[in-house]
Amino acid sequence: MERTLSIVKPDGVERGLIGEVVRRLEKEGLKIIAMKMIHMTRAQAEGFYAVHRERPFFESLTTFMSSGPVVVMVLEGEDAILRYRTLMGATNYKDAAEGTIRRDFATEIERNVVHGSDAPDTAAFEIGYFFNSFEIMGR
């Protein structure tokens, strides 16, 4: 079984999309094995997105991600990373496939409702960033 991190971003929380995201995860057969709502500080957002520190969007991304509450979840399932990334859709919602979360709900590239890990190593780092082993209800 593979694990991945999901974040419902501040725009998704503000717009009341948590339930819709969870519904789609469960419909896809991805098991939620940890979940909590947090409000990241700017420093936490900068640490989480440190890999993008030199990118031109780093400042706006970390400001946005610390602008309101988010819901972080650990998902588990066969090929969980690929399945969740497919469910999310392309980062740029205009390029996302019909029926994906981002195509259906995003309003701009940064306010694209959800985040998901892109690889097993990334998932391990991201899950550990928000959860300790006692908070994860896996097998």
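Positions of Cβ are set from backbone N, Cα and C atoms, glycine also.
What you are looking at is a predicted structure, and each value in this text was computed from that prediction instead of being measured.
Residues or ranges marked as ATP binding site by Swiss-Prot: Lys9, Phe57, Arg85, Thr91, Arg102, Asn112. Residues or ranges marked as active site, pros-phosphohistidine intermediate in Swiss-Prot: His115.
Cα-Cα distance from Thr91 (ATP binding site) to the residue listed as 'active site, pros-phosphohistidine intermediate': 9 Å (rounded to the nearest whole number). Counting in whole angstrom, Lys9 (ATP binding site) lies 7 from His115 (active site, pros-phosphohistidine intermediate) by their C-alpha atoms. Around the Cβ of the residue listed as 'active site, pros-phosphohistidine intermediate', the same chain contributes Leu5, Ser6, Ile7, Lys9, each under 8 angstroms and 6 or more positions distant in sequence.
Residues Lys9, Phe57, Arg85, Thr91, Arg102, Asn112 are recorded as binding ATP; their most distant pair of Cα atoms lies 21 Å apart. Under the three-state DSSP scheme, Arg102 (ATP binding site) falls in the helix class.
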